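Participant: Below is a structure I'd like to ask you about.
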6 protein chains.
Amino acid sequence: MQAKAEDFFFSGLNQAGDTNNDVKSNVTTVNVDQIPGLNTMGISLVRIDYAPYGKNPPHTHPRATEILVLLEGTLYVGFVSSNQDNNRLFAKMLYPGDVFVFPIGMIHFQVNMGKTPAVAFAGLSSQNAGVITIADTVFGSTPPINPEILAQAFKLDVNVVKDLEAKFKN
Amino acid sequence: MQAKAEDFFFSGLNQAGDTNNDVKSNVTTVNVDQIPGLNTMGISLVRIDYAPYGKNPPHTHPRATEILVLLEGTLYVGFVSSNQDNNRLFAKMLYPGDVFVFPIGMIHFQVNMGKTPAVAFAGLSSQNAGVITIADTVFGSTPPINPEILAQAFKLDVNVVKDLEAKFKN
Amino acid sequence: MQAKAEDFFFSGLNQAGDTNNDVKSNVTTVNVDQIPGLNTMGISLVRIDYAPYGKNPPHTHPRATEILVLLEGTLYVGFVSSNQDNNRLFAKMLYPGDVFVFPIGMIHFQVNMGKTPAVAFAGLSSQNAGVITIADTVFGSTPPINPEILAQAFKLDVNVVKDLEAKFKN
Amino acid sequence: MQAKAEDFFFSGLNQAGDTNNDVKSNVTTVNVDQIPGLNTMGISLVRIDYAPYGKNPPHTHPRATEILVLLEGTLYVGFVSSNQDNNRLFAKMLYPGDVFVFPIGMIHFQVNMGKTPAVAFAGLSSQNAGVITIADTVFGSTPPINPEILAQAFKLDVNVVKDLEAKFKN
Amino acid sequence: MQAKAEDFFFSGLNQAGDTNNDVKSNVTTVNVDQIPGLNTMGISLVRIDYAPYGKNPPHTHPRATEILVLLEGTLYVGFVSSNQDNNRLFAKMLYPGDVFVFPIGMIHFQVNMGKTPAVAFAGLSSQNAGVITIADTVFGSTPPINPEILAQAFKLDVNVVKDLEAKFKN
Amino acid sequence: MQAKAEDFFFSGLNQAGDTNNDVKSNVTTVNVDQIPGLNTMGISLVRIDYAPYGKNPPHTHPRATEILVLLEGTLYVGFVSSNQDNNRLFAKMLYPGDVFVFPIGMIHFQVNMGKTPAVAFAGLSSQNAGVITIADTVFGSTPPINPEILAQAFKLDVNVVKDLEAKFKN
């Protein structure tokens, strides 16, 4: 089947994602699922919207480095390096036009520090970067991870873990 | 030397590039030269500004696929496939929020079709994508390519080629 | 400088790592830092020891897939898939001779279910796989992540987060 | 289906390609389309014939570096570096037994400088390197690129461009 | 079809392979054929058993570097570097807990030096590393390589080669 | 230091290599050691000369697939597949203009079947492919491999092995 221009095209990133949710942020992903022409190309794109005080909570991309540019608002961003680098926090306040890089696999987050919405775009070095939201993955998996395991790992009472697993249950 | 947050940071992409030039467009590049933390990461970012009727003339990126999102204005974009695919033109009119992909090595262009400035951001699948502007490279190299070679290749009179080489001389 | 046999050699993996610690497990890593001949080779090795009821708490390897073989003991192991796959838990009870794979970047864990020590070896698809222990990275970074950010992300009271950050402080 | 010796074999490169064409040169390609055993192998081969004064006009390979060896004749060859290197021309006169490298994605050409045919072989670092002949791609695409775009990019009168597009029309 | 835990699981590596054969050693391979979840993951695992004085004869892995850890016994191991490095032998006596690396494509071997069985595990940097046992491949191919070719290459009488080919015939 | 045309150039492949040696063949290599511009480019080139009845004895390239084109003479070529494919011989008689592929890491050979010299060129998918001549590596390493190991592996009398090691000693 012959490729056509539409196979390299997507529309709609001018529209803010719906931030009416728990974290008050929204990621709109444009990867190989939306654009077949990205197959084998090693790149994709996202738009991220943040309501006032909205957060993109700690997460990783298992197959991509992310380069983010802030278009509107004020964003506090950071990633934590791996154990070998002593889990150092690399953080920065971003203003419009600022760019920040989150290296592949590192846990990172963004927080809207202002009273107005924030908007960012980001490129990712994979046609299918993947997202692992830490809290949802650890406390909200299906089925849940044994609470004893998490209680010890996170130094939490087992009942607190059970409570978290109930809250994060899909 | 220990890495720090600034090694993953760049600022200034909120400012329009200077489009007061021949092509009336400007590309601001954020790659490993600006952000050392991009080293080995396989990704970089650009902001592209287009004055009214400004053009980003036919060019290639020898080491990257590009995914572009239009923020403001109206852009006519396209790439031409390789000889094996019969040099077909894949073109599209883009409006704000539209995304288009230019596969690695393909000759592509963007043209602002409107009376107002246009602005786009693009991710590239290399820390150092490279840019080869076709006309400048073919007719404006240092030293110039022998005009006879170009005259035959481009089916132009050799004096036209000499004239072009004078115009494109750096 | 000419390479020699010692550049491809390491000794000591017959000795159990010290599991007298909070998690009652220990990972001994043999990568390019120990064996210079692994440079560019895309592989490394670890020995993991687990005291009775010891745990290798939830963690990721940002640059490697892991293939583990259990030598002694009984191990409950699992990883959680990414958001796109609905954070499903892939878990299994392992007995001596069992093998399990943890795909690159996925959050995974191992727990010794028995009254005796457990021992496993694992190959990793990188000369320098990296380790990100989730709890330590999220709650024990230097400096700490703002507790408000973590409180909302983990649906915990901010004072619980502050308490966790104190516990995980290096 | 079991592989056999024929899957790794091709014949006929002893025969000169037909140079009775506009550019008086001919490229015979031996890639994964001719030899199925090249699949995933990252290499292919071409024979290039040049009639007296024949030219292999400016072109790129979007997915491969080329290493050429001249067997017969005298060849003037060159490539132009990217914008970042100021579009410098790297050129050389080649005699039998000379070798020249054209890095991935760079615009390059070869010209037979002599009264006798020239013959070269070249290896390419892809099972499917692709070819983009610049003039044909820019002025001969299907459908044609808007002449106004090309006129400005190439500093040509729009009627000259229209004339070129008529000449290059497939 | 949705992946499940069994797609990342294999059992049985606690059992010694059958060393009742010519070389008195046995390699049990766990790669993508046994574990579908290893697809694209760039890693696999083997268990190697050696009867007393058993040998894993000179062989190569065409697509992987190997990192071996000795669990039991005493193993003499080595690889020979390529022609450019003057075919130097890198060899070492290994005791339990010792690790040795065999770089991709290098001819290597292991020999049990003791009166008791030896056991090793090894990681390989490919989901499908391949094995080429030198003697079997050279003297036992189907159909056999012309004995004249091998006689000259190995500086053996052609009748000795014919005899070897008879011995190695599958 | 700025690159120049000479960094992409090599001369002398018009001259036959000296085949006055044991195997009556000669390989002239043009890789990154001869052409610095090949660095990171994943390709190199060789010229192979064969005296009448000369042989390029069984060898492997640990880091490259080879695509060979025969220019003059008659060549019998072959490679043997890996153990998993039952060490099948893929062989072919080549005449001028014939092309054959030797996949990465496979043991392969070429033999001049005629009374006149043969000449071939080959591309290799690495800037530094490496060569491992089987007989020299197995029987001629420095220091030699223990003859007992080779005797058992090759089903030869240990005195025959000692004799071979003396013959292949550098």
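A Cβ is built for glycine as well, from the same backbone N, Cα and C atoms used for every other residue.
What TrEMBL says about a protein is an automatic prediction, not a curated fact.
Pulled these from TrEMBL:
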- C:11-162: domain 'Cupin type-1' (DOMAIN)
- C:Asn56, C:His61, C:Glu66: oxalate binding site (BINDING)
- C:His59, C:His61, C:Glu66, C:His108: Mn(2+) binding site (BINDING)
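How buried are these features, and what lies next to them?
Facilitator: Cβ neighbours of C:Glu66 (oxalate binding site) (same chain, under 8 Å, six or more residues apart in sequence): C:Val101, C:Phe102, C:His108, C:Ala122, C:Gly123, C:Leu124, C:Ser125, C:Ala129.
Cβ neighbours within 10 Å of C:His108 (Mn(2+) binding site), excluding its own Cβ and spanning all shown chains: 23.
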Participant: Any same-chain residues 6+ apart from C:His59 (Mn(2+) binding site) with CB under 8 Å of its CB? Would you list them in sequence order, or say none?
Facilitator: C:Ile107, C:His108, C:Phe109, C:Val131, C:Ile132, C:Thr133, C:Ile134
Participant: Please classify the secondary structure at C:Glu66 (oxalate binding site) using three-state DSSP.
Facilitator: strand
Participant: Based on DSSP, name the secondary structure state of C:His61 (oxalate binding site): helix, strand or coil.
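Facilitator: Coil, per DSSP.
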